[in-house]
Amino acid sequence: MSANGTDLTIGFISSSVAVLLYGSNYVPLKKYDTGDGMFLQWVLCAAIWLVALVVNLILRCPKFWPFAMVGGCIWATGNIAAVPIIKTIGLGLGILIWGSFNALTGWASSRFGWFGMDAEEVAKPLLNYVGAGLSVLSAFIFLFIKSEIPNNTCSVDTTPLITEHAINRAQDPSRDYSWVDKLSTLQQRIVGCSLAVISGILYGSTFVPIIYIKDHSKRNDSIYAGASQYDLDYVFAHFSGIFLTSTVYFLAYSIAMKNNPKLYPKAVLPGFVSGVLWAAATCCWFIANHSLSAVVSFPIITASHETSTREPAASRDQISLCTWCPALLEGRCTRGSPDWPP
């Protein structure tokens, strides 16, 4: 098998494993109350950082580039809006919207060389743009899907580090209501969709610092000259950014709660397992980025995230059509090699 064929095989296997782990990483948390999600997110991020530490040791501690931490900070900032999004428009619709903008941002930044990155060449530009156009269309279609937020417990497996059942649990007279609960239906719709769009853009930018370092490593006049071309070498810095940012947000949350944050001890061990699974999935995504390039891996993996969620008002066939058609067109038409597709 040629080197290119080997890269494709590794890339698609890594993408498949990433999708599988992303789709099952919240199974351990199904039976546990996680409250407002802030404590759970910090536990998950601690587990994520420990996985990164192990990976870093296995790779014999490659050079640490602090700029790669920015990607983790961006991701954690986008994820902090998950609770308001889920409370206002539901997790099913929320992930469809932010997943679409995630894929579009990741594809566009790699394709056109935004933020100082090198632009990716495509083998079939027309089909590539058609796929991107369908992604844009599907993103706007999702904005008009009517969602109903359930009040009872439900279990959902998805990407964000927060579970839906803890947010949409049964009404409790002693429950502390947040600012989201005081919004009207229309206001919740506007706020939820707006936050989902912003989160999606942030999620789609999470790999930008790493790709920037890799691109500039080829330039002798750059401070990143000679940096590694292997994406997994940056996982420790990236995950360190996630944990650091999550810690800052949790401290801010504790201050806002007047040193009385809502803690859920029973969710610690399940949350840790969930974080390990999420970290493993993201490591697979790093490998897919290296083997396929981000412009290919983003549509494939993010589309799979969207179709694996529970849709509140639209049928699964309709959602699958809106997500997989753009992904297939973008993913299969962006590899610049004459051997693409295999």
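Residue positions begin at 1 at the first shown residue.
Every residue gets a Cβ built from N, Cα and C, even glycine.
TrEMBL has this to say about the protein:
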- 6-27: transmembrane segment (TRANSMEM)
- 39-59: transmembrane segment (TRANSMEM)
- 65-86: transmembrane segment (TRANSMEM)
- 93-114: transmembrane segment (TRANSMEM)
- 126-145: transmembrane segment (TRANSMEM)
- 190-214: transmembrane segment (TRANSMEM)
- 234-255: transmembrane segment (TRANSMEM)
- 267-288: transmembrane segment (TRANSMEM)
Please work out which recorded stretch in 39-59, 65-86, 190-214, 234-255 has the most C-beta pairs separated by under 8 angstroms from the transmembrane segment (93-114)?
190-214
Sequence gap of 6 or more, Cβ distance under 8 Å, 3 or more pairs: do the transmembrane segment (39-59) and the transmembrane segment (234-255) meet that?
yes
Out of 6-27, 65-86, 190-214, what stretch is closest in contact terms to the transmembrane segment (234-255), meaning most Cβ pairs under 8 angstroms?
65-86
Any contact, the transmembrane segment (65-86) to the transmembrane segment (190-214), with at least 3 Cβ pairs under 8 A:
yes
